[in-house]
Amino acid sequence: MHPDFPYQLYLVISEESCLHYPLLTVAEMAIEGGVDIIQLREKNLSTSAFIKKAEALKKITDKHRIPLIINDNLKVAKAVDSFGIHVGNNDMPPTEILQNWDKNKVIGYSIEYLEQLQNAQTKAANHLGISPIYSTATKTDTVTEWGLDGIKKIRSLTQKPLIAIGRMDADNAADVIKAGADCIAVVSAICSAEYPEKTSKKIKHQIQQQHENL
Ligand code: TZP
Ligand code: MG
């Protein structure tokens, strides 16, 4: 476990990705199964609807004492006083967030190109998403597939906490941790599962077992 990011299984959730139960139900089930940080990623909501959903989800994350991250909307993040925010390469840059939000807030930044590791945005971020490890139908506007070699490469170039995202599941989680990721972020494998709690438990078990082996 990375000392600056003590979370191993990161759920990235949207209403659209939840197939069998409403978002709040999936979130509760996933937490029961071992998810230890949650990001709300809603791409098609108005800011006011996004805030409403974030408020409802924050009640659950607060109850379970786990951090809530808001995807790509500083207004929403501020409105619900979330633990942090996650931004991509084409979103509000981390340097700007630093200037406009409390200094104790946590900023995640997605790495799509190796060159980003040298920029001021990576420096300003607290942790990095490696995006995507494998191509996925959940996000199609991506640049490359990092694969395990990409994780190893990025691991050799930065000490920051690394979160692997993109088609992560119980079958590939251990290899991704072994390659150098600190945490696994999941959308579909959990949100579209018939038993989100059971699936989360399985993935968490794979991650923990691999961390113990390292
Ligand atoms: N960023 C890179 S891949 C991705 C995001 C948000 C989606 C991952 O979704 P899934 O369903 O876990 O492959
Ligand atoms: Mg984005």
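Backbone N, Cα and C define each Cβ position, glycine as well.
Now, the feature entries from TrEMBL:
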type    : residues                                                 : note
BINDING : GLN39, LEU40, ARG41, GLU42, LYS43, ASN71, SER110, LYS139 : 4-amino-2-methyl-5-(diphosphooxymethyl)pyrimidine binding site
BINDING : ASP72, ASP91                                             : Mg(2+) binding site
DOMAIN  : 9-190                                                    : domain 'Thiamine phosphate synthase/TenI'
Rounded Cα separation (Å) that holds between LYS43 (4-amino-2-methyl-5-(diphosphooxymethyl)pyrimidine binding site) and ASP91 (Mg(2+) binding site): 12
In sequence order, those binding-site residues of GLN39, GLU42, LYS139 whose CB lies under 6 Å from ligand 1: LYS139
Of LEU40, LYS43, ASP72, binding-site residues neighbouring ligand 2, Cβ under 6 A: ASP72
Cβ contacts of GLU42 (4-amino-2-methyl-5-(diphosphooxymethyl)pyrimidine binding site) (under 8 Å, same chain, 6 or more positions away): SER14, GLU15, ALA49, PHE50, LYS53, ASN71
ASP91 (Mg(2+) binding site) and SER110 (4-amino-2-methyl-5-(diphosphooxymethyl)pyrimidine binding site), distance between Cα atoms, whole Å: 10
Protein Cβ atoms within 10 Å of ASP72 (Mg(2+) binding site), excluding its own: 19
Intrachain C-beta neighbours of ARG41 (4-amino-2-methyl-5-(diphosphooxymethyl)pyrimidine binding site), sequence separation six or more, cut-off 8 angstroms: VAL12, ILE13, SER14, ASN71, ASP72, HIS86, VAL187
Inter-residue Cα distance where the pair is LYS139 (4-amino-2-methyl-5-(diphosphooxymethyl)pyrimidine binding site) and ASP91 (Mg(2+) binding site), in Å: 15
Max CA-CA distance, Å, over listed 4-amino-2-methyl-5-(diphosphooxymethyl)pyrimidine-binding residues GLN39, LEU40, ARG41, GLU42, LYS43, ASN71, SER110, LYS139: 16
Most crowded position, judged by CB atoms within 10 A, among GLN39, ASP91, SER110 as binding-site residues: GLN39
Listed binding-site residues (LYS43, LYS139), ranked by Cβ neighbours within 10 Å, top entry: LYS139
